[in-house]
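Listed in TrEMBL for this protein:
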type: DOMAIN; residues: 4-126; note: domain 'Dihydrodipicolinate reductase N-terminal'
type: BINDING; residues: G9, A10, A11, G12, R13, M14, D35, G99, T100, T101, A123, A124, N125, Y126; note: NAD(+) binding site
type: BINDING; residues: R36; note: NADP(+) binding site
type: DOMAIN; residues: 129-265; note: domain 'Dihydrodipicolinate reductase C-terminal'
type: ACT_SITE; residues: H156; note: active site, proton donor/acceptor
type: BINDING; residues: H157, G166, T167; note: (S)-2,3,4,5-tetrahydrodipicolinate binding site
type: ACT_SITE; residues: K160; note: active site, proton donor
Amino acid sequence: MSTAIAIVGAAGRMGRMLVDAVEHDAAAHLAAAVDRAGGEAVGRDAGELAGRGRLGVTVGDDPAAAAAAGDVVIDFSLPEATEAVAAACAAAGRPLVLGTTGLGEAQRSAVAGLAERTAVVHAANYSTGVTLLTALVEQAARAIGAHSDVEVIEAHHRHKVDAPSGTALRLGEAVADTLGRDLAECAVYGREGRTGERDRETIGFETIRAGDIVGEHTVLFAGDGERVELTHKASSRGTFAAGAVRAAHWAAAQPPGLYDMRDVLGLGG
Ligand SMILES: NC(=O)C1=CN([C@@H]2O[C@H](COP(=O)(O)OP(=O)(O)OC[C@H]3O[C@@H](n4cnc5c(N)ncnc54)[C@H](O)[C@@H]3O)[C@@H](O)[C@H]2O)C=CC1
Ligand SMILES: O=C(O)C1=N[C@H](C(=O)O)C[C@H](O)C1
């Protein structure tokens, strides 16, 4: 059986990659495509936008119609779309694979509410490599985190609108949780001026925005006389799209709940 997939944010960098990934997957097909109301993509063919030629799926602006048409919804758009997409998935009883980063409290709460009714996979990064990196970072934090200065460094393309990246925040959270710290209290975002000496309990974040960098993350554990750096570099958005489509197949068979990419890959907690 082929999984019918509805894509929100279909005209974006990730949306176009997702259309391509779905159409490359013999076990899936594109059922609906949605983008921003009033945007120039609405009314165009989603396949043509993705450079794949005509697919016969017109980009719409109604998440409710898209959710009803698909077995699963994949949303990589903007936080402004999240609450409407969650409501559409709840009304249609459809699982959601959410890749959008930079969510605020209201959007997180909408996602948590949806997860009581359907399966929701929410990951800041759908690549297998970053899922592994997160596990390795937890291992490093357990071994040397309490005696190290921990810094998270990320680099992305010039078009990215949120900072630090969702992945960087997730990596920082993984360190904080492992060390029994509260990230909201120990995070330091960039430094400037007369900062004073570094407090070992803090977790620092540095952001680079430049050119067409797809996505790079390093977690640095620095002590006296040595340091450990764990790095992941994505060289194609195809890796995120492939992971999201894999998550969509997986989510279609899950009971309600909030999951992440570790669950999808069967790596446990
Ligand atoms: N979880 C992951 O693995 C990854 C997550 N991302 C995240 O995905 C999101 C999208 O990234 P890009 O594709 O690079 O951005 P983009 O700006 O190229 O695409 C976003 C698309 O969403 C559309 N959009 C905006 N408001 C909308 C609304 N209310 N309803 C429907 N569509 C709407 C825009 O018109 C645009 O076509 C970002 O939050 C980014 O951080 C990106 C790559 C990987
Ligand atoms: O906006 C992007 O491009 C990316 N966003 C995600 C994030 O914020 O972590 C994941 C990936 O690094 C690409």
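Placed from the backbone N, Cα and C atoms, the Cβ positions cover glycine too.
TrEMBL: automatically predicted annotations, no manual curation.
Overlay of TrEMBL annotations on the structure.
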residue	record	DSSP (3 states)
A11	NAD(+) binding site	coil
D35	NAD(+) binding site	coil
A123	NAD(+) binding site	coil
H156	active site, proton donor/acceptor	strand
G166	(S)-2,3,4,5-tetrahydrodipicolinate binding site	helix
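Proximity to ligand 1 (Cβ under 6 Å from any of its atoms) holds for none of the recorded positions H156, H157, T167. Neighbours of the (S)-2,3,4,5-tetrahydrodipicolinate site: apart from H157, G166, T167, residues of the same chain with C-beta atoms within 8 angstroms of the site's C-beta centroid are T101, A124, N125, E154, H156, K160, D162, S165, A168, G215, H217. Each residue contributes its Cα atom, and for T100 (NAD(+) binding site) and H157 ((S)-2,3,4,5-tetrahydrodipicolinate binding site) these two points are 16 Å apart. Using a 10 Å Cα-Cα cut-off from G166 ((S)-2,3,4,5-tetrahydrodipicolinate binding site), the recorded positions that qualify among G9, A123, N125, H156 are A123, N125. Residues distinguished by a CB atom under 6 angstroms from ligand 2 are absent from the binding-site residues G9, A11, R13, D35, T100. Fewest other C-beta atoms within 10 angstroms, among the binding-site residues A11, A123, are seen around A11. T100 (NAD(+) binding site) falls within neither a helix nor a strand when secondary structure is assigned with DSSP, and so counts as coil. Across the structure, the residue listed as 'NADP(+) binding site' and T167 ((S)-2,3,4,5-tetrahydrodipicolinate binding site) place their CA atoms 24 angstrom apart. Look at the Cβ of each of the binding-site residues R36, H157 and count the other Cβ atoms within 10 Å; the largest number goes with R36. Most Cβ neighbours within 10 Å, among the binding-site residues T100, N125, T167: N125 holds that distinction in the structure as shown.
When the recorded positions H156, H157, K160 are screened for a C-alpha within 10 angstroms of the C-alpha of N125 (NAD(+) binding site), no residue qualifies. In the structure as shown, the Cβ atom of the residue listed as 'active site, proton donor' sits within 10 Å of 17 other Cβ atoms. When the C-alpha distances from H157 ((S)-2,3,4,5-tetrahydrodipicolinate binding site) to the binding-site residues G9, A11, R13, D35 are tabulated, the minimum falls on R13.
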